[in-house]
Amino acid sequence: MSDIGDWFRSIPAITRYWFAATVAVPLVGKLGLISPAYLFLWPEAFLYRFQIWRPITATFYFPVGPGTGFLYLVNLYFLYQYSTRLETAFDGRPADYLFMLLFNWICIVLLMIPLIMSVLYVWAQLNRDMIVSFWFGTRFKACYLPWVILGFNYIIGGSVINELIGNLVGHLYFFLMFRYPMDLGGRNFLSTPQFLYRWLPSRRGGVSGFGVPPASMRRAADQNGGGGRHNWGQGFRLGDQ
């Protein structure tokens, strides 16, 4: 048990609580301790019956059953694997990572699988040229991973709506937070609210948002006549120059 405890404590904090809730909430519904009908997001119940917990439980709940158990475990693995990697890449700035999750959560209409896919998509874009391994020894660039998983989940689950929504929302966040301000020289539309920094202070003195490229990057772009593009391909730790 100590090994399991050590492994669990080694998971970055936000991913650790997200992972634990995604295990606990479906388990509570499966055991019948709370009816699954109270865990889904029903707009009428939320708006007219003031059942304000539903947006939260719907994010963590998955209807585990004979035909969905494997799909649930696959997505639980994706949550652990890629949320851990991405939170680690934010390198001591939990407020920025929590802001990304909140932005995606709101855009996704509070569902579990799209939120996991949006995190995976952002990680894949920040490490787009990294070679990743998938089932049966297949290897390809990380930028293709969200779309490979979309096809894989279609085969085992029969639907791609959740995965597609997650990829689109992940792309929206990546474009607004990184691509548009850094590569295209546009304004920074997204920045982490200060109250999140007060709640989750940075451990390495990171900046409040990633929309402004480092001075060295701006100088390189100016020397290229303003047409320079930042290379996202090799993967990096956010905040390093």
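Count begins at 1; order follows the chain as displayed.
Quick reminder: no glycine exception, Cβ is built from N, Cα and C everywhere.
Computed from a predicted structure; not experimentally measured.
Annotated in TrEMBL:
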- 219-241: region 'Disordered' (REGION)
- 17-40: transmembrane segment (TRANSMEM)
- 60-80: transmembrane segment (TRANSMEM)
- 101-124: transmembrane segment (TRANSMEM)
- 144-176: transmembrane segment (TRANSMEM)
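Tertiary neighbourhood of the transmembrane segment (60-80): same-chain residues 11, 15, 18-19, 21-26, 29-30, 36, 39-40, 112-113, 116-117, 119-120, 149, 153, 156-157, selected by CB-CB distance under 8 Å and a gap of 6+ residues from either end. Counting residues 6+ beyond its ends, the transmembrane segment (101-124) has Cβ neighbours under 8 Å at 14, 18, 22, 41, 55-56, 58-62, 75, 78-79, 82-83, 85-86, 89, 142-146, 149-150, 162-163, 165-167, 169-174, 190 in the same chain.
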